[in-house]
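Q: First the structure, which I've put down as structure tokens, then a few questions once you've had a look.
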Amino acid sequence: MRTRGILSGPTPWLVLAVVLCGGAALAHGDVSLHVGQAVADLWAGRRSAGAIILGELRLPRLLLAVFVGGTLGVSGAVLQAYFRNPLADSGVLGISGGGALGAVLVYYTGLSARVPLAMPGAGLLGALGATASLLALSGVRAGPGLLVLAGAALSSLFASLLALTLNLVPSPYAAYEVMHWLMGSLTDRTLHDVAIAAPGIALGLALLFASGPALDALTLGDEVATSMGAVRSGPFGTQTRIVLGVALSVGSAVAVTGTIGFVGLMVPHLLRAQTGNVPSRLLVPSFFGGALLLLIADWLTRLIGGATVQIGVVTALVGAPVFLWQVLRLRRSAL
Amino acid sequence: MPGLFQPVIRTTRSLVAALCGLLVVSGADARPHRVVSLNLCTDELVLMLADRSDIAGLSPLAADCTLSVLCLSAQGLPVVPANGERLLGARPDLVVSGTFGADRARAVAGTAGIATLAVAPATTLDDVPRQITTVAHALGQDARGASLIAAFRSRLRALAMPVTNEAPRAVMLDANAYSAGPGTLADSVMQISGFRDAGSGARLSLERLVAEPPDLLIRDASPAAPSLAEAIADHPALRARFGRDRMAIVPGNLLLCALPQSLDAVALLEQARKALPRGHS
């Protein structure tokens, strides 16, 4: 039944769109390229210009768009189901901001150059700290307003700590890099960045996908969920799995690309109706929906202004209206 | 140009001499004895030209070895940031600065009747003798300036290479993938080393740099303090495309200010030119 749900839902169409947009992202760029020749060179290990452009410049950008977008989409879907709050998203709740702050602290002090995996590790710790603060401030069953308010306060706290850090570290360029960390960017990233983010994203997504059945049970209410065996608390309970899964995947993603807002808010919202309002059925489509959104946003940044437009600017321009529409809907249902 | 500053300095110097006339022991010795510099490039000129005992303060950048070629000699000298209060506190009799920046501090020095000298920034190696002459004269060290200029000119003559239409093309990769271009000191250094500057001053697309590579890519040494802006020079795509023999490392402090030491950058580029593989030289 689960398999049929995935095949009959929006997933096949989203996968098709991701493949097409991904192919277009590999084929088009600043210079025109004979893609067939470049792939052949890459396959044969020849260091031709085409092979370098495809393998070292376009491929890391594509992989990051897919996996970071997917991470943000899935984490948004999980957070919305877990908090039963359509405004929940790793960006709105300050979890992305915490992760970015952690990554900034180890990158600019030179720690990440000496300690392997320090970047995703610090991203994980920052995101965990943010989630713990959020739960302590608002609680799991807070109303939508309280949760988002606590998240907004945490977001701006982390953003100002991040800016302060960039002002205090020794590199004279650091202070100008606040935009990368607050608005996100896929420009000139490397395969090394992909390798840094991959383990945390894979492990985190595995934890989030595994929490699907528990999320379904939670829609029936806490008591029913507990009686069905979907245990919420305890060190190995649903809460631990979700918090760790979000912190691992989002922390690793923002450590490489900076915070990219509104993806986790928008994607589950747009796909929820197509998945019959069953949280577990929303997870896989949200991965591909997030990937598709970042691929399109990245293409738009290149279309608008070359390397200087941050990708988070584009996602915010599209996502903020969706967020505002959600706010209006909440207000109407509250009346 | 030096004539322009002369009257200002003379007037103020006589004023200072009149005010603390008793302190000036020998009437023949009229050079400033408490010189403060507010700008990295004038810091380095003052360090080369003034007596060490005459230096009352340098900018905070003078002792930073990633920026200053004379950082070691700057150590142990007082640091004066470019704000009026700290500047007056250093009791200068001559304030040397650039023509840009530190406007407020310079105005305060002017109001307090302290001699000021603003040195226009140099964008080519041809400006080096003019700057040295101006600063040396204000410091009362004309002879030292003249010998520094003579040494600079003879080294420049020995190093200069002609730029022909077949000369190799070079791009200087700055932070955030910007290229140096016309009107920069790096451009002047490239031309004197016999390279055509293929940079435009605009931000470079790495894809385009790989697809249409110059013969030589010039980059700064790896910085001690990490930043995304400078990490671009370590991008694997550039390493794969240019390899070791088509990438030259020129420490950034040689190209920040036009100084006799900037000829070290010319020497480095000529070494790199000799090492270029066949078909690129």
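Glycine too: its Cβ is placed from the backbone N, Cα and C atoms.
Okay, these came from TrEMBL:
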{"type": "TRANSMEM", "residues": "A:62-83", "note": "transmembrane segment"}
{"type": "TRANSMEM", "residues": "A:90-111", "note": "transmembrane segment"}
{"type": "TRANSMEM", "residues": "A:117-137", "note": "transmembrane segment"}
{"type": "TRANSMEM", "residues": "A:146-170", "note": "transmembrane segment"}
{"type": "TRANSMEM", "residues": "A:190-210", "note": "transmembrane segment"}
{"type": "TRANSMEM", "residues": "A:242-270", "note": "transmembrane segment"}
{"type": "TRANSMEM", "residues": "A:282-300", "note": "transmembrane segment"}
{"type": "TRANSMEM", "residues": "A:307-328", "note": "transmembrane segment"}
Q: What stretch of A:146-170, A:242-270, A:282-300, A:307-328 shows the most Cβ pairs under 8 Å to the transmembrane segment (A:117-137)?
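A: Answer, by Cβ pair count: A:242-270.
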Q: With an 8 Å cut-off on Cβ pairs and a sequence gap of 6 or more, do the transmembrane segment (A:90-111) and the transmembrane segment (A:242-270) reach 3 or more such pairs?
A: yes
Q: Of the listed stretches (A:146-170, A:190-210, A:242-270, A:307-328), which one yields the highest count of Cβ-Cβ distances below 8 Å with the transmembrane segment (A:282-300)?
A: A:242-270
Q: Quick one: do the transmembrane segment (A:62-83) and the transmembrane segment (A:307-328) have at least 3 Cβ pairs under 8 Å, skipping pairs fewer than 6 apart in sequence?
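A: No, the transmembrane segment (A:62-83) and the transmembrane segment (A:307-328) are not in contact.
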Q: Check the transmembrane segment (A:242-270) against each of A:146-170, A:190-210, A:307-328 and return whichever range has the most CB pairs under 8 Å.
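A: Top-ranked stretch among A:146-170, A:190-210, A:307-328: A:190-210.
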